[in-house]
Every structure is written in structure tokens, then in C-alpha cells.
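Pulled from TrEMBL, these are the features on record:
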REPEAT    A:1-26  repeat 'WD'
REPEAT    A:43-74  repeat 'WD'
REPEAT    A:92-126  repeat 'WD'
REPEAT    A:137-168  repeat 'WD'
REPEAT    A:285-319  repeat 'WD'
Amino acid sequence: RVWHCAWDPTGKTLATCSSDKTCRIWAKSAAAGNTWVTVAELEGVHSRTVRQAAWSPCGRLLATASFDASTAVWAQSGSGGTTGEWECVAVVEGHENEVKSCAWSPSGSLLATCGRDKSVWIWEVQPGHDFECVAVLNGHTQDVKQVAWHPAEDALVSVSYDDSIKVWTEDPGGDDWSCAQTLTKEEGGHASTVWCASFEPEPSRHVRGPGGTDSRRLATCSDDRTIAIWRVDDSRGLRLEIDAKFPCGHDRPALSVSWGKCGLIAEGGGDDSVRLFAPPRDAGRGGAGDEVNCVAWHPTDPRCLATASDDGTVRIWSV
Amino acid sequence: MTSTVVASCSRSCFINADPIVHVRRELPKSKRRIRLALETNELLSDPVDAIEVFYHIKNINDPEHPYSLEQLDIVSVENIRVHSEAQFIQVYFTPTVPHCSMATLIGLAIRRKLQESLAGRFKTEVLVFPGSHSSESAVNKQLNDKERVAAALENTNLLEKVNLCLRGNLVL
């Protein structure tokens, strides 16, 4: 089972995470007829399923979150490219049990992790691959499924088995983190587990924020078979307000969403298909073999999408 | 069910010390193909029906009693729905008592058994029979969260318990 896939910031390589305890890095090989081949296998560190991987914004570090309660940080030796050897440079520990997700802040100076112990941890990256915990955020009452940083600011969104979405921001003093907002069914949110959150890459011209400025949006998907779209008010330390909620189009859990630069939201889930939405309208679908655990738009090619599935495959789509 | 007997249990630490035990069902003659498939471990080519699903799970052992899920009336043919066009199976099971703390373990064993027997050809939903458990929605949510199920089955202690349930006698 492939649980997750993540493009590096240049889009030249793709990291995939599996229940076989490894993370593989893939690149297109001219020698192999322009097909995708494994260029590195990150193994021997995690003793259980690797659930998610996240590239640092500079593309030089890769963090992997595992059911073994740890998050490993990997770096490529040498000058980089797709040929250097990867080695584990740090193992970040603190969670009581399964780590479900990890994400780097846009500056690359912070790493967030979350897991089944209901907490979200924020780590500061110190020189020499040292990670110092700067905050342990409690507030969710259940398993935290995913963390996602705002693309431009140090503000974090977490989604949970407790059906809620929480927004975490740094206090004005700059020393502590706290929950700025909790979004439940009452605020227009979800009625079951929220699996994934994905920010709109660019502020949208169609959506006006306060003072007439363009406003960014956030998509979340859930076990309740819906996708919710939230308007993000950046000016007030990231406040979310429900914009739309619509069915994901099938009667199975919606496990992953990715908001692409082309303006489309890709959704993958339990019904073995990948669906594309031009919010809030259904735009098309394609067969994916088995349950889709992750959808990820290419960082630079707006028409390229990667998906990871239960049948052990990773597919790269041209939209 | 044709007849029932009451089993007496001396151990009082059981969640349900005196469960009602039902007789095992005879396999209908028309279902000989299922017997053959179970014995030879082969996959059936004809469409899966509720009776076949039932025969895959009926001999799972209860986690605390030396009886099968069929004998304790936890699973029955009537409470299995097969939506063949959608390749989707729903198994409703009935815990012996509404506060049964073994409910998730029983559900996990059913999930595991169906995973093995149907080799991923079907999506499965394992649910407690409506109204039969005090934490029905919590149990259902947990049993149908694929991530938590995957994590649970990686837990050696839990996997051992599940495997004990699955090692029940294969009596047809």
C-alpha cells in the first residue's frame, strides 16, 4: 500500500511512502526511456509504516512521519541533483505513538508533526540538523490526521478524527503558539473525520477578502463524503470562514485533496477514482486502480498530478 | 437458529459470563462449492453472496469464550449485505452485551478475515448492528478508519489477539 506521495519543490523528483516501512524517491530517467525509476530508497530507520513525507522548501531535506512514533529527516550528500546518496540526519522523537503527518513551514525554519496522541508538535530547525521542540499543541480530542502550513505565513492548520479543523498561530510576543480558531460542524465544517487540508497556491481574484483584496482559500475533505472550501483572511492572523461545501461525488471517504496552480482541486479517496473540481463544480474523473490515499499536484507543471493508491501503484497523470 | 442451550461459565471476570450459545448451522448442499473453496483455499469465480461471506467469518472465535461468532449469534447470514455491482460488503455484527469492550477486537478480526479470504476484491464495512452497542458510532468509526485499522494490525500484541480469534476450528 502506498500511503502518500510528495513532489520536491522543483518537481523533478517524487517521494512515495509505503506500508513496507520505506520511502522511495523517483525521477525520470533518460536512460530508461524517459520513464520514472527509483533513484533512492530510504530504509532502515523506520520500523513501521511510513505514513507521509514532506520536502523542505529548499528541497534539500525530506522529513518522513512513521507509525513507529518518530519523524526522520533525510539529507542528500554531495551537490544534490538526483544522484547523491541520501542519509538520515536526524530522528525527531516525542510523540507517544503513530505520527500521521509532517510539514515544513514556508521559510523552512519550522517543522510540524501530528499524530494519534492528539497533539501537534512544532520543531525549530537549529544549525547542524538539530531540532528543538518549541510547542506541543493540545486541543484536539482525537487522532490528528494532517498538518498543513499556510503557503506564505507561519500559521498552521490541523485536521482530526474529532471532525474539527484547528488553526494555530504564534502569539504576538513570538514565544508561544496557541489555537486561533476551531472549526466544527457548527461553523459549517465536517460531520466526520477530516482527512486532509490543502491551501490554494495563489490568492484568488474571484474571492474578495476584507478591504477588497484578493483572498486565498483552503480545501478540506472528510469521511462525511464532502469537500469544504474555506475563505482565508490573512489580515487577521489567518481566520477561516466557510465558503462552500459540496459532496465529493461518491459514497466513500474522501481521503486526500490537493489544490493545483491550474485552479482545480483534485480529490482522491475510497471509491478508487480521482476527481477534479473547479470549485464548486465537478469537472471529470479517471480510474485509479484502488483506493486513492494521496493526490499531489506538480509544483511547477500545472497539468501534472501524482496519486498514491492501495494497489501499490503511484500514477502520474496529465490533466 | 434451530435450538439454543445456555452455557454456564464459572469465571466471573467475563464481560458476559453467561452467553447464550446457538448450534452451528449445517452447510446447505447447494453451497458445496463454498466448502470446497474453504478447504482448498481457492478463490471462487462465481459471484460472492451473503452465505459465502458468512462461511468465511462464522468460525472466528470469540475473544473470551471458546465459542465461534456463529455460536454466540454475533454474526448471521441475515446481517450481511453484499452489493455486488459496487463490489461492496457490509457486515453487521451483534455484540453479546451492549457494553461489550471486545466489540472493536471482534470487528477487527472480521475485517482481517475478510481481507484474507476475499483478497481485496471487495470493499468491506464492518459495523455493529444498529442499537446493539452503547458506543455504536465510536466503534463503527474506528473500525472503518483504514489508517487506524492498518496501525492496529501493525501492533504485535493486538495482531496476536486477532490471530488467536482467527485460529478457531474450521468446522463446517
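Placement of Cβ uses the backbone N, Cα and C atoms for every residue, glycine included.
The stretches the repeat 'WD' (A:285-319) and the repeat 'WD' (A:1-26) are in mutual contact, each linked to the other by at least three Cβ pairs under 8 Å (pairs 6 or more apart in sequence). Taking DSSP states H, G and I as helix and E and B as strand, the repeat 'WD' (A:285-319) has 0 helix, 20 strand, 15 coil. Residue counts for the repeat 'WD' (A:1-26) by DSSP state, with H, G and I taken as helix and E and B as strand, are 0 helix, 16 strand, 10 coil. Remote same-chain residues near the repeat 'WD' (A:92-126) are listed as 48, 51-58, 61, 63-73, 132-138, 140-154, 156, 158, 160, 166, 168, 177 (criterion: CB distance under 8 Å, separation of at least six residues from the stretch ends).
Same-chain residues lying 6+ beyond the ends of the repeat 'WD' (A:1-26) with a Cβ under 8 Å from its Cβ atoms: 36-43, 46-55, 57-59, 62, 64, 66, 74, 82, 86, 293-294, 296-301, 304, 306-310, 312-314, 316.
If you look at the repeat 'WD' (A:43-74), the same-chain residues 6 or more away from its ends with a CB under 8 A from one of its CBs are 3-10, 15-19, 21-23, 25, 80, 86-93, 95-104, 106-108, 111, 113, 115, 129, 131, 146. Per DSSP, the secondary structure of the repeat 'WD' (A:43-74) breaks down as 0 helix, 17 strand, 15 coil.
Within the repeat 'WD' (A:137-168), the DSSP-based counts of helix, strand and coil residues read 0 helix, 17 strand, 15 coil.
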